[in-house]
Every structure is written in structure tokens, then in C-alpha cells.
Amino acid sequence: MFVTFEGIDGSGKTAQLTAAGEFLKASGKQVVLTREPGTISCIRDYVLASDMDIRTEALLYSADRAENIAKNVIPALNAGKVVLQDRYLDSFLAYQLADNKLVETDIMRLFEFSSQGLRPDLTLLFDLTPACAQERLENRDRIERKPIDFHSKVRNIYLKLSADNTDRIRVIDASQSFSKIHQQVIYHIERKLGGTHSA
């Protein structure tokens, strides 16, 4: 099963992904944790630190995705493992569209090519206001330092995507306590896996 964790910077999705991975491993599941970008370390370092043309940025993200899907995600899924990924389709759409420089058809064309058309079985969207998220962030990278209006656009795009994809995306209120959020994460994952767990 392929589960993606989405949300604006500072929403807490990465910490929840780590906690979910530990829980599933303790439950006897084989789990692989991945992130986007991150497969090709030099690409991650470059896109998070350098100003660049929006097309260059989209292509670099896509190159990293292509490598991750081919080398990590698909082999793990074929082996029956649970893949938990930090950012994927919805982040790519939300952040690229928020810049208002690329059209959705071009973004999706890049995504389809780089992802081999692979869609998540489940997406957990950690929703938080940009003002609250900004308070949590320290040592911000290039994207995290963008104006709050940009992050508001990203959040609104995420929420629209969730409304358009209710079969796949589950929205979680990220202003709750860590333990409450964790319970909801496990509930949604186990429900998708076919198990039972009370939220």
C-alpha cells in the first residue's frame, strides 16, 4: 500500500509519518519511508536552497521523483511492503500552481511521466493555517521563507484537491495534539489496510 503525507510546511506531517512508520513496524508490517524531494540528495539541497526558474524547479523535482518511484517505491510495493511517503502528487500540484507560472496540464504531464502514473492508495492531508505553521518553523529553507500569502494559496489548493478527491484524501486537523493526530493517522491507514483500529 502506498500512503502519502501532505500539508504545508510546518503542519507536522513529517513527524507523523515517522511515528506511523514506527507503529506499523512494531505491528509486524514491512515499511519503507521515502520523501520528495530526497532520493537524489544534491537535487534536494539545490531546490531548497537556490532561486531558479519555475520550470527548472519542476523538472528537478520530477527527476528526483522518477528515481524514487523506479528505485524505491515500485520495488517495495511489488514486495508487499507499506510505503509511507512525505510529499508527492498533491504537493507538486499545490506548490507549482501557487506560483501562478505553470498551468496544471503541464504540471500533470511532468508528473505522469516521472511517476509512471502511480497514484497513492491513501493520502493524509495535515491541514493547518499558515500563521500557526510559521510559528513552528525554525531554520527555514527557500520555500518556507516565501510570504504567508503564498502558503495560504498552497493550503487552499490542497483543500480543493481534497474536495475533488474524497475517495483518496483524508483531511486531518493538524492543530490537535500529536497523540490525537497519530490516532487518526493509524485509524485511516489500518482501515485502508483492512484492519480495525478505533480513532
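Backbone N, Cα and C atoms are what each Cβ position is placed from, and that goes for glycine too.
Database features, via Swiss-Prot:
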{"type": "BINDING", "residues": "Gly7, Ile8, Asp9, Gly10, Ser11, Gly12, Lys13, Thr14", "note": "ATP binding site"}
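The highest number of surrounding Cβ atoms within 10 Å, among the binding-site residues Lys13, Thr14, is found at Lys13. Residues Phe126, Leu128, Ala133, Ala174 surround the recorded ATP site, their Cβ atoms falling within 8 Å of the Cβ centroid of Gly7, Ile8, Asp9, Gly10, Ser11, Gly12, Lys13, Thr14, which are themselves excluded.
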